[in-house]
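*Asks:* Input: one structure, supplied below.
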Amino acid sequence: MSAINLLRELLKASEKAANIARVCRQNPNLFSLLVQEKEKDESNTRFVHDFKTLADCLIQEMIKHDIAKQFPELRDNIRGEENATFTNTMGESIIVSVTDDPRNTLEALEKILNGDKVSAAALVDEVYRSAEIDMESLELPIDSIPLDNDWSELGIWIDPIDGTAEYIKGEEKLTKFPNIASSGLKCCTVLIGVYETCQGTPILGVINQPFAEKINDQEEFRGEYRSKIFWGLSVGDLQFNNIAPHETDARIAILSPSEQSKYVEFIRNQLKYDVIYSSGAGYKILKIATGEAELFLLSKGTTYKWDTCAPQAILRSMNGDLFDLQDTLINKSVKKISYQDRKVTRNLGGLIAYQNIEKLREFLKL
(Lines of atoms letter the chains of each structure in order from A and count residues from 1; the text may use other names and numbers.)
(Lines give C-alpha, C1' and ligand atoms only; values in the text may rest on other atoms or scores of the structure.)
Protein backbone atom coordinates (compact mmCIF):
# COMPACT_ATOMS: atom_id res chain seq x y z
CA MET A 1 0.00 0.00 0.00
CA SER A 2 1.64 3.21 -1.15
CA ALA A 3 0.50 6.64 -0.03
CA ILE A 4 2.16 8.12 -3.11
CA ASN A 5 -0.04 6.07 -5.47
CA LEU A 6 -3.12 7.40 -3.67
CA LEU A 7 -1.74 10.95 -3.71
CA ARG A 8 -1.16 10.77 -7.47
CA GLU A 9 -4.78 9.76 -8.09
CA LEU A 10 -6.09 12.51 -5.81
CA LEU A 11 -3.99 15.10 -7.65
CA LYS A 12 -5.33 13.91 -11.03
CA ALA A 13 -8.91 13.96 -9.73
CA SER A 14 -8.47 17.46 -8.35
CA GLU A 15 -7.27 18.76 -11.71
CA LYS A 16 -10.15 17.11 -13.56
CA ALA A 17 -12.40 18.82 -11.03
CA ALA A 18 -10.75 22.15 -11.73
CA ASN A 19 -11.26 21.67 -15.48
CA ILE A 20 -14.98 20.98 -14.96
CA ALA A 21 -15.31 24.06 -12.74
CA ARG A 22 -13.64 26.23 -15.38
CA VAL A 23 -15.66 24.85 -18.28
CA CYS A 24 -18.92 25.35 -16.40
CA ARG A 25 -18.08 28.93 -15.60
CA GLN A 26 -16.67 29.85 -18.99
CA ASN A 27 -19.86 29.14 -20.93
CA PRO A 28 -22.47 31.81 -20.00
CA ASN A 29 -25.36 29.77 -21.38
CA LEU A 30 -24.28 26.70 -19.45
CA PHE A 31 -23.45 28.63 -16.29
CA SER A 32 -26.91 30.21 -16.17
CA LEU A 33 -28.45 26.73 -16.10
CA LEU A 34 -26.25 25.34 -13.38
CA VAL A 35 -27.21 27.27 -10.27
CA GLN A 36 -29.81 25.68 -8.03
CA GLU A 37 -30.69 26.78 -4.52
CA LYS A 38 -30.09 24.12 -1.90
CA GLU A 39 -32.87 22.67 0.19
CA LYS A 40 -33.12 24.16 3.68
CA ASP A 41 -31.76 21.06 5.42
CA GLU A 42 -28.69 21.12 3.15
CA SER A 43 -27.87 24.82 3.37
CA ASN A 44 -25.16 26.44 5.43
CA THR A 45 -26.71 28.39 8.30
CA ARG A 46 -24.33 31.31 7.71
CA PHE A 47 -26.10 32.32 4.53
CA VAL A 48 -29.63 33.44 3.80
CA HIS A 49 -29.27 31.67 0.47
CA ASP A 50 -26.93 28.76 -0.17
CA PHE A 51 -26.39 27.22 -3.55
CA LYS A 52 -25.27 24.07 -5.17
CA THR A 53 -24.34 23.89 -8.82
CA LEU A 54 -24.26 21.10 -11.30
CA ALA A 55 -20.49 21.62 -11.28
CA ASP A 56 -20.46 20.75 -7.55
CA CYS A 57 -22.48 17.58 -8.03
CA LEU A 58 -20.65 16.46 -11.14
CA ILE A 59 -17.20 17.07 -9.64
CA GLN A 60 -18.07 15.16 -6.49
CA GLU A 61 -19.41 12.14 -8.37
CA MET A 62 -16.46 12.18 -10.78
CA ILE A 63 -13.95 12.12 -7.91
CA LYS A 64 -15.83 9.32 -6.16
CA HIS A 65 -15.91 7.28 -9.38
CA ASP A 66 -12.26 7.83 -10.30
CA ILE A 67 -10.87 7.07 -6.84
CA ALA A 68 -13.12 4.04 -6.30
CA LYS A 69 -12.10 2.68 -9.70
CA GLN A 70 -8.44 2.72 -8.69
CA PHE A 71 -9.02 1.73 -5.07
CA PRO A 72 -12.24 -0.34 -4.82
CA GLU A 73 -11.78 -0.87 -1.08
CA LEU A 74 -12.37 2.85 -0.54
CA ARG A 75 -15.66 2.96 -2.45
CA ASP A 76 -17.98 2.95 0.57
CA ASN A 77 -15.83 5.38 2.54
CA ILE A 78 -15.82 8.28 0.05
CA ARG A 79 -18.21 11.03 1.03
CA GLY A 80 -18.83 14.57 -0.10
CA GLU A 81 -20.80 17.71 0.61
CA GLU A 82 -23.39 17.49 -2.11
CA ASN A 83 -26.60 15.58 -2.54
CA ALA A 84 -26.30 14.10 -6.03
CA THR A 85 -29.93 14.82 -6.91
CA PHE A 86 -30.51 17.79 -9.18
CA THR A 87 -33.83 19.29 -10.31
CA ASN A 88 -34.21 20.78 -13.77
CA THR A 89 -36.51 23.66 -14.78
CA MET A 90 -39.27 21.19 -15.62
CA GLY A 91 -39.36 20.01 -12.02
CA GLU A 92 -37.80 16.62 -12.77
CA SER A 93 -35.39 15.26 -10.16
CA ILE A 94 -32.40 13.52 -11.71
CA ILE A 95 -29.51 11.83 -9.92
CA VAL A 96 -26.12 12.97 -11.17
CA SER A 97 -24.02 9.84 -11.51
CA VAL A 98 -20.68 8.97 -13.06
CA THR A 99 -20.22 5.35 -14.14
CA ASP A 100 -17.84 3.46 -16.40
CA ASP A 101 -20.26 4.08 -19.28
CA PRO A 102 -20.20 7.74 -20.42
CA ARG A 103 -23.60 7.26 -22.06
CA ASN A 104 -25.28 7.00 -18.66
CA THR A 105 -23.76 10.28 -17.53
CA LEU A 106 -24.63 11.95 -20.84
CA GLU A 107 -28.27 10.84 -20.56
CA ALA A 108 -28.60 12.23 -17.04
CA LEU A 109 -26.98 15.55 -17.97
CA GLU A 110 -29.20 15.99 -21.02
CA LYS A 111 -32.25 15.63 -18.78
CA ILE A 112 -30.88 18.11 -16.27
CA LEU A 113 -30.01 20.57 -19.04
CA ASN A 114 -33.43 20.22 -20.68
CA GLY A 115 -32.13 18.50 -23.79
CA ASP A 116 -29.08 20.71 -24.35
CA LYS A 117 -26.97 18.01 -26.00
CA VAL A 118 -24.02 20.28 -26.81
CA SER A 119 -23.51 21.46 -23.24
CA ALA A 120 -24.07 17.98 -21.84
CA ALA A 121 -21.48 16.52 -24.23
CA ALA A 122 -18.96 19.22 -23.28
CA LEU A 123 -19.30 18.30 -19.61
CA VAL A 124 -19.06 14.56 -20.29
CA ASP A 125 -15.87 15.16 -22.28
CA GLU A 126 -14.29 16.75 -19.21
CA VAL A 127 -15.53 14.04 -16.83
CA TYR A 128 -13.90 11.27 -18.86
CA ARG A 129 -10.86 13.18 -20.08
CA SER A 130 -7.47 12.29 -18.58
CA ALA A 131 -6.16 15.26 -16.62
CA GLU A 132 -2.87 16.70 -17.83
CA ILE A 133 -0.79 17.35 -14.75
CA ASP A 134 2.94 17.91 -14.26
CA MET A 135 3.73 15.62 -11.34
CA GLU A 136 7.37 16.66 -11.29
CA SER A 137 6.46 20.26 -10.52
CA LEU A 138 4.38 19.07 -7.56
CA GLU A 139 7.49 17.67 -5.83
CA LEU A 140 6.18 14.23 -4.89
CA PRO A 141 8.51 12.01 -2.83
CA ILE A 142 10.60 9.71 -4.99
CA ASP A 143 10.42 6.76 -2.60
CA SER A 144 7.27 4.79 -1.91
CA ILE A 145 5.63 5.74 1.40
CA PRO A 146 3.81 2.76 2.93
CA LEU A 147 0.54 3.35 4.75
CA ASP A 148 0.01 1.92 8.22
CA ASN A 149 -3.67 1.26 7.47
CA ASP A 150 -5.52 -1.05 5.10
CA TRP A 151 -7.45 0.75 2.37
CA SER A 152 -10.68 -0.22 4.12
CA GLU A 153 -9.52 1.71 7.20
CA LEU A 154 -9.31 5.00 5.32
CA GLY A 155 -12.04 7.54 4.62
CA ILE A 156 -12.22 10.45 2.18
CA TRP A 157 -14.06 13.76 2.47
CA ILE A 158 -14.67 15.81 -0.70
CA ASP A 159 -15.72 19.43 -1.01
CA PRO A 160 -16.08 19.72 -4.78
CA ILE A 161 -16.12 23.53 -4.81
CA ASP A 162 -15.51 25.18 -1.46
CA GLY A 163 -16.76 28.73 -1.78
CA THR A 164 -19.73 28.09 -4.07
CA ALA A 165 -21.09 31.60 -3.51
CA GLU A 166 -17.77 33.05 -4.67
CA TYR A 167 -17.80 30.69 -7.65
CA ILE A 168 -21.20 32.02 -8.64
CA LYS A 169 -20.53 35.74 -8.06
CA GLY A 170 -16.93 35.74 -9.24
CA GLU A 171 -16.22 39.27 -7.97
CA GLU A 172 -12.51 39.58 -7.28
CA LYS A 173 -11.49 41.65 -4.26
CA LEU A 174 -8.06 41.67 -2.65
CA THR A 175 -7.12 42.56 0.90
CA LYS A 176 -4.35 45.05 1.67
CA PHE A 177 -2.02 42.05 1.46
CA PRO A 178 -1.81 41.24 -2.28
CA ASN A 179 -1.34 37.48 -1.77
CA ILE A 180 -4.64 37.15 0.08
CA ALA A 181 -8.01 37.58 -1.62
CA SER A 182 -11.01 38.91 0.25
CA SER A 183 -13.53 37.34 -2.12
CA GLY A 184 -13.90 36.03 -5.64
CA LEU A 185 -12.70 33.09 -7.67
CA LYS A 186 -9.29 32.89 -5.96
CA CYS A 187 -11.12 31.85 -2.78
CA CYS A 188 -12.65 28.82 -4.53
CA THR A 189 -10.96 25.50 -3.84
CA VAL A 190 -11.40 21.79 -4.57
CA LEU A 191 -10.75 19.93 -1.31
CA ILE A 192 -9.97 16.20 -1.04
CA GLY A 193 -8.94 14.92 2.37
CA VAL A 194 -8.02 11.39 3.51
CA TYR A 195 -8.27 10.32 7.14
CA GLU A 196 -7.78 7.09 9.02
CA THR A 197 -11.13 5.98 10.40
CA CYS A 198 -9.99 4.39 13.68
CA GLN A 199 -8.58 7.55 15.27
CA GLY A 200 -10.19 10.04 12.88
CA THR A 201 -6.86 11.65 12.01
CA PRO A 202 -6.33 13.37 8.62
CA ILE A 203 -3.25 12.00 6.89
CA LEU A 204 -3.39 13.26 3.30
CA GLY A 205 -4.83 16.41 1.79
CA VAL A 206 -5.05 18.01 -1.66
CA ILE A 207 -6.21 21.57 -2.28
CA ASN A 208 -6.65 22.73 -5.87
CA GLN A 209 -7.30 26.40 -6.67
CA PRO A 210 -8.91 26.23 -10.14
CA PHE A 211 -8.78 30.01 -10.61
CA ALA A 212 -5.39 30.76 -9.07
CA GLU A 213 -3.78 32.34 -12.13
CA LYS A 214 -5.21 34.07 -15.19
CA ILE A 215 -3.69 33.06 -18.51
CA ASN A 216 -4.11 33.78 -22.20
CA ASP A 217 -4.25 30.27 -23.68
CA GLN A 218 -7.96 29.55 -23.27
CA GLU A 219 -8.04 26.27 -25.14
CA GLU A 220 -5.22 24.56 -23.26
CA PHE A 221 -6.38 25.46 -19.76
CA ARG A 222 -10.13 25.75 -20.37
CA GLY A 223 -11.42 29.09 -19.25
CA GLU A 224 -8.50 31.54 -19.05
CA TYR A 225 -7.28 30.20 -15.70
CA ARG A 226 -4.59 27.85 -14.44
CA SER A 227 -4.67 25.80 -11.23
CA LYS A 228 -2.39 25.97 -8.26
CA ILE A 229 -2.23 22.71 -6.31
CA PHE A 230 -1.10 22.11 -2.75
CA TRP A 231 -0.73 18.77 -0.98
CA GLY A 232 0.40 17.44 2.38
CA LEU A 233 1.06 13.93 3.69
CA SER A 234 1.62 12.88 7.28
CA VAL A 235 2.16 9.16 7.98
CA GLY A 236 3.62 8.21 11.35
CA ASP A 237 6.73 10.33 11.83
CA LEU A 238 7.02 11.08 8.10
CA GLN A 239 5.83 14.44 6.82
CA PHE A 240 5.84 15.68 3.23
CA ASN A 241 4.29 18.62 1.37
CA ASN A 242 4.96 20.90 -1.58
CA ILE A 243 4.55 24.20 0.26
CA ALA A 244 7.38 26.71 0.31
CA PRO A 245 7.10 28.71 3.55
CA HIS A 246 6.12 32.34 3.02
CA GLU A 247 8.07 34.87 5.06
CA THR A 248 6.19 37.96 6.25
CA ASP A 249 6.87 40.60 8.86
CA ALA A 250 3.16 41.19 9.45
CA ARG A 251 1.16 39.27 12.06
CA ILE A 252 -2.00 38.41 10.15
CA ALA A 253 -5.19 36.86 11.46
CA ILE A 254 -7.60 35.73 8.76
CA LEU A 255 -11.27 35.65 9.72
CA SER A 256 -14.76 35.29 8.29
CA PRO A 257 -16.57 38.58 7.54
CA SER A 258 -19.32 37.42 9.93
CA GLU A 259 -16.99 36.82 12.90
CA GLN A 260 -18.23 38.00 16.29
CA SER A 261 -16.94 41.44 17.28
CA LYS A 262 -15.65 40.29 20.71
CA TYR A 263 -13.19 37.92 19.01
CA VAL A 264 -12.20 40.49 16.41
CA GLU A 265 -11.49 43.11 19.07
CA PHE A 266 -9.47 40.68 21.20
CA ILE A 267 -7.37 39.51 18.25
CA ARG A 268 -6.76 43.04 17.04
CA ASN A 269 -6.29 44.91 20.34
CA GLN A 270 -4.90 42.28 22.72
CA LEU A 271 -2.96 40.00 20.38
CA LYS A 272 -1.93 42.85 18.06
CA TYR A 273 -2.77 41.08 14.81
CA ASP A 274 -3.63 42.68 11.50
CA VAL A 275 -7.17 41.37 10.99
CA ILE A 276 -8.27 40.63 7.44
CA TYR A 277 -11.49 39.05 6.20
CA SER A 278 -11.74 36.42 3.51
CA SER A 279 -14.15 33.86 2.08
CA GLY A 280 -13.93 30.08 1.93
CA ALA A 281 -12.87 27.96 4.93
CA GLY A 282 -10.49 25.89 2.82
CA TYR A 283 -8.85 29.02 1.40
CA LYS A 284 -8.40 30.63 4.82
CA ILE A 285 -6.83 27.52 6.36
CA LEU A 286 -4.60 27.18 3.28
CA LYS A 287 -3.23 30.65 4.02
CA ILE A 288 -2.20 29.42 7.47
CA ALA A 289 -0.40 26.46 5.88
CA THR A 290 1.46 28.68 3.41
CA GLY A 291 2.48 31.06 6.20
CA GLU A 292 0.77 34.05 4.59
CA ALA A 293 -1.40 34.33 7.72
CA GLU A 294 -0.58 33.21 11.26
CA LEU A 295 -3.99 32.69 12.87
CA PHE A 296 -7.36 31.46 11.58
CA LEU A 297 -10.26 31.59 14.00
CA LEU A 298 -13.95 30.83 13.48
CA SER A 299 -16.16 31.01 16.57
CA LYS A 300 -19.33 29.60 15.01
CA GLY A 301 -20.10 26.00 14.10
CA THR A 302 -20.63 26.76 10.43
CA THR A 303 -18.04 24.50 8.83
CA TYR A 304 -18.24 20.81 8.08
CA LYS A 305 -15.84 17.89 7.86
CA TRP A 306 -15.62 18.25 4.08
CA ASP A 307 -14.40 21.85 4.59
CA THR A 308 -11.60 20.95 6.96
CA CYS A 309 -10.25 17.45 6.28
CA ALA A 310 -7.93 18.34 3.37
CA PRO A 311 -6.50 21.59 4.79
CA GLN A 312 -6.05 20.01 8.22
CA ALA A 313 -4.04 17.17 6.69
CA ILE A 314 -1.79 19.73 5.00
CA LEU A 315 -1.37 21.65 8.27
CA ARG A 316 -0.41 18.41 10.03
CA SER A 317 2.31 17.80 7.44
CA MET A 318 3.87 21.08 8.62
CA ASN A 319 3.58 20.43 12.39
CA GLY A 320 0.47 22.58 12.58
CA ASP A 321 -3.10 21.48 13.19
CA LEU A 322 -6.76 22.48 13.39
CA PHE A 323 -8.50 22.61 16.75
CA ASP A 324 -11.97 22.86 18.28
CA LEU A 325 -12.07 26.50 19.41
CA GLN A 326 -14.68 26.33 22.17
CA ASP A 327 -13.28 23.17 23.74
CA THR A 328 -9.81 24.67 23.59
CA LEU A 329 -10.95 27.89 25.29
CA ILE A 330 -13.02 26.16 27.98
CA ASN A 331 -10.58 23.37 28.90
CA LYS A 332 -7.34 25.19 28.03
CA SER A 333 -6.24 22.08 26.17
CA VAL A 334 -5.77 21.55 22.47
CA LYS A 335 -8.51 19.32 21.11
CA LYS A 336 -7.85 18.52 17.46
CA ILE A 337 -10.66 18.26 14.95
CA SER A 338 -11.41 14.55 14.47
CA TYR A 339 -13.23 12.56 11.79
CA GLN A 340 -13.82 9.45 13.86
CA ASP A 341 -17.60 9.84 14.34
CA ARG A 342 -19.22 9.44 10.92
CA LYS A 343 -22.55 10.79 12.21
CA VAL A 344 -21.13 14.17 13.21
CA THR A 345 -20.40 16.20 10.10
CA ARG A 346 -20.38 19.73 11.52
CA ASN A 347 -17.51 21.31 13.47
CA LEU A 348 -19.85 22.50 16.20
CA GLY A 349 -17.29 24.17 18.45
CA GLY A 350 -15.78 26.43 15.83
CA LEU A 351 -12.16 26.32 14.68
CA ILE A 352 -8.74 27.69 15.41
CA ALA A 353 -5.71 26.99 13.25
CA TYR A 354 -2.03 27.70 13.71
CA GLN A 355 0.91 26.35 11.75
CA ASN A 356 3.07 26.82 14.84
CA ILE A 357 1.65 25.04 17.91
CA GLU A 358 3.74 27.23 20.25
CA LYS A 359 1.85 30.25 18.91
CA LEU A 360 -1.38 28.50 19.89
CA ARG A 361 -0.06 27.96 23.41
CA GLU A 362 0.76 31.68 23.62
CA PHE A 363 -2.80 32.41 22.52
CA LEU A 364 -4.20 30.19 25.29
CA LYS A 365 -2.14 31.95 27.97
CA LEU A 366 -3.93 35.17 27.07
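Each residue, glycine too, has its Cβ placed from N, Cα and C.
Feature list, courtesy of TrEMBL:
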type: BINDING; residues: Glu81, Asp159, Ile161, Asp162, Asp307; note: Mg(2+) binding site
*Asks:* Using Cβ atoms only, which residues of the same chain lie under 8 Å from Asp307 (Mg(2+) binding site) while being at least 6 residues apart in sequence?
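*Replies:* Long-range Cβ contacts: Asp159, Asp162, Leu191, Ala281, Gly282, Asn347.
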*Asks:* Within 8 Å of the Cβ centroid of the Mg(2+) site residues Glu81, Asp159, Ile161, Asp162, Asp307, which other residues of the same chain have their Cβ?
*Replies:* Ile158, Pro160, Gly163, Thr164, Thr189, Val190, Leu191, Ala281, Gly282, Tyr304, Trp306
*Asks:* For the binding-site residues Glu81, Asp159, Asp162, work out the Cβ neighbour count at 10 Å and name the residue with the minimum.
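*Replies:* So among Glu81, Asp159, Asp162, the binding-site residues given, the one with the fewest Cβ atoms within 10 Å is Glu81.
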*Asks:* I'd like the Cβ neighbour count for Ile161 (Mg(2+) binding site), meaning other Cβ atoms within 10 Å of its Cβ, all protein chains included.
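*Replies:* The answer is 30.
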